[in-house]
Amino acid sequence: MLPNRSRLSVLVFLLPPLLLYGVAVLFPILQSLFLSFFSWNGISDMEFVGFANYVHMLTGDGVFWRSFFNALGYLAICLVLQLGGALFVASLLTSLRRGRELVKTLYLLPAVISTVAIAFLFVRIYSIDPVGLLNQVLGWIGLGSLERPWLSDVNTVLAAVSAPEGWRFTGLYMLIIYAALLAVPQELEEAARLDGANRWQLFTKIRFPHIRPVWITTTIMATTYGLRGFDIPYLMTNGGPGQSSELLTTYMYKTAFTSTDFGYASTISVFIVVECLVAVGFILLMLKRKADA
Amino acid sequence: MKKLIRTAAVAAAAALALSACGGGGAGSASNVNPTGDIKPRQISWLLSRPADGAVINIMKKIADEYAQTHPGFSLNLITTPDRPSYIQKYETLAAANKLPELFDTDATPFAQQLAKQGKMVDAEKLLKDLGVYDTYRTNALNYQRFDDGSLYMIPFQFELEYFWYNKALFQQAGVSVPKSLDDIPAMCTALRKAGITPLALDGQDQWPLERYVSYQPFRDAGPDFVQKLKKGDAKFSDATGQKTVNWISQLGGAGCFQDGFSSQGYSDAQNLFTSGKAAMYNIGTWELPSLATDKLNPAVRNDVDYFTLPATPSSATAANEYVATSGIGMAVNSKTFDPLVSDFLKFALAKYPSEYAATGALSPTTNVQTTIPANATPLYKKAIDQAQDLGTKLAMPWDTQLDPTTNSRLQQELVLLAQGNIKPAEFTSTMDSTIAQNAPKFFK
């Protein structure tokens, strides 16, 4: 317990960031909530419509549901690439004796490249005419039958726009998980090894339980970023062809700024906020239950 | 906590109410002759034109000249050439009531709402007051008009859209210039057989494919079809609608567009044509400098020619009627319209046409003659002279006509239809229901 004086000073120091948070985060969310009950195109009179936007979104809008399921697919691919890839690379790194710094830097590099550059880079990689890197490589290794315009094919486009986002942040999560792995006490691992534990057991019984708190944090970070993913899909395909790579975020953006339906766009944004909160709660619940078990 | 939320909600409501009501004070749209002294200051033009293009360069020059006699005056040009980004910027500023003195807009349903609210100066009255109305091409002004015939935007260009084609590739595949739109799918099959990409298409920007959906109705039923369609008075399930839906599906089925067109951009499509890989390319005269001068790849330079939108004797519109646009227009904000803006426009609009025509482009006015550049091929003059023989009915680009939600959905569904991902029947029902749902909000 802090003495009174320092508790006051803590409050004084916390107040400005809290106010900033209120203005920059809470206020817009509440404003969206408020707007979601209106029909408003920016220049018309605001018309109160009650829950009509929500009813339309949940029962009458096929594009919304398509975008929702696309967003889940996008999230799944991003999570596998980011968390799976990060854990895999970080584990390998710990067993690497030389060149760790170089590998770390190389993996982290995509995270510092601008999004627009990444989007353009991957548009070229996936291109078929002129032949891009991916199709060229497929041709070289005898898989020419798989060559296709990856971003124009409705069956591949979602995976194609998810991969760059996953690739981009793998290095960042790798770094966090690697730091956590380094903190696992060596004595425990040695003791386990002496008791005859193999590498898999070492990982599941010693290392992973130790990095669980960090794992929870990274999972929450990756999930919420994934659910809010916008820039790369928007830049690469603008949600197309059709709605094949439309995410909730790109759909919301278009509803607001192309259709100028600010009321309905706010409804979608409220859904995204709720969806992120539910996802975080779900992750916490799942991982906590596992830890308790 | 509950109390906190309630307080915040009330604050949010109050802030919104304030921003919605604040800064209203729209000036009168019809007062084109503001009285008072000319007080030089900086005025801004929010525009969507190429940063180093002719319009911007000329207007900068004219503004500098004006500033010499009006110290303190300057023209701040804020350009966002990428059209979707521009529209977002402009609509957001319109929503916040923060549009500058001059701003670009097409004759969209959104712009019409702005005009109805008195936020734009009546351009017809303004041009008449400035004494330049009669110098404009009728077609250039008509392109800027809203459905009710009112005019709120001033054109700065005039462009005709052609099908550019490569004679050598046509010969190689044994095809000739199509006599009707219905000939094109068969031509594509023949060209594909010869290993040639029939049509270069910028699929990424979406409007180029949307042009194609407008062609059959324009020939079959005339320019009125889209006017009715957008309000739900005509449907894609009508005979005319079905004709265009099936035609797009046939174009896709015959492999008319390059593989993966939907993720290829403006320059990809152009390169495909100028490198001699694609046989046809549908684009406007704004590309004359790259298609009809010595800048064009020497390997194809002498093989390039063009044809206009094919028409048959039974067509509702004549062969000399096709897509002719005067580009995005400039609107004058009525709220900030004062003697200075009026005087500057008078000065600028008088000087602009001759300067613009000197760059080799078609002026929106008829009082000047386009200078053919020294490095032009004979095709340049032919393309420019075509403007003298132009009918009175215009094929309006649909993206400026439909309500924005229907427009984005149409652009998306067209790609699927052309790629063969959906059948014409599915396209028809999706689009008709989209229009039924969204049109009433914009065209009450």
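Quick reminder: no glycine exception, Cβ is built from N, Cα and C everywhere.
Residues or ranges marked as transmembrane segment by TrEMBL: A:12-38 (among others). Same-chain residues lying 6 or more positions outside the transmembrane segment (A:12-38) and placing a CB less than 8 Å from one of its CB atoms are 46-51, 53-54, 262-264, 266-267, 269-270, 273.
The annotation domain 'ABC transmembrane type-1' is assigned in TrEMBL to A:64-283.
Here TrEMBL flags A:71-94 (among others) as transmembrane segment. Residues 100, 103-104, 107, 158-159, 161-163, 165-167, 169-178, 181-182, 203, 207, 218-219, 222-223, 225-227, 229, 233, 247-249 of the same chain, all 6+ positions outside the transmembrane segment (A:71-94), place their C-beta atoms under 8 angstroms from a C-beta of that stretch.
The list of residues near the transmembrane segment (A:106-126) in space but at least 6 beyond its ends in sequence, with Cβ under 8 angstroms from a Cβ of it, reads 89, 132-135, 149-151, 160, 163-164, 167-172, 174-175, 231-232, 235-236. Per TrEMBL, the feature transmembrane segment maps to A:106-126 (among others).
Taken from TrEMBL, the feature transmembrane segment covers A:166-184 (among others). Tertiary proximity for the transmembrane segment (A:166-184) is limited to same-chain residues at least six positions away from its ends with a CB under 8 Å from its CB atoms, namely 77-78, 80-83, 85-87, 89-91, 93-94, 104, 106-111, 113, 118, 206-207, 210-211, 214-215, 217-218, 221-222, 225, 232.
As annotated by TrEMBL, transmembrane segment applies to A:214-236 (among others).
Residues annotated as transmembrane segment in TrEMBL: A:262-287 (among others).
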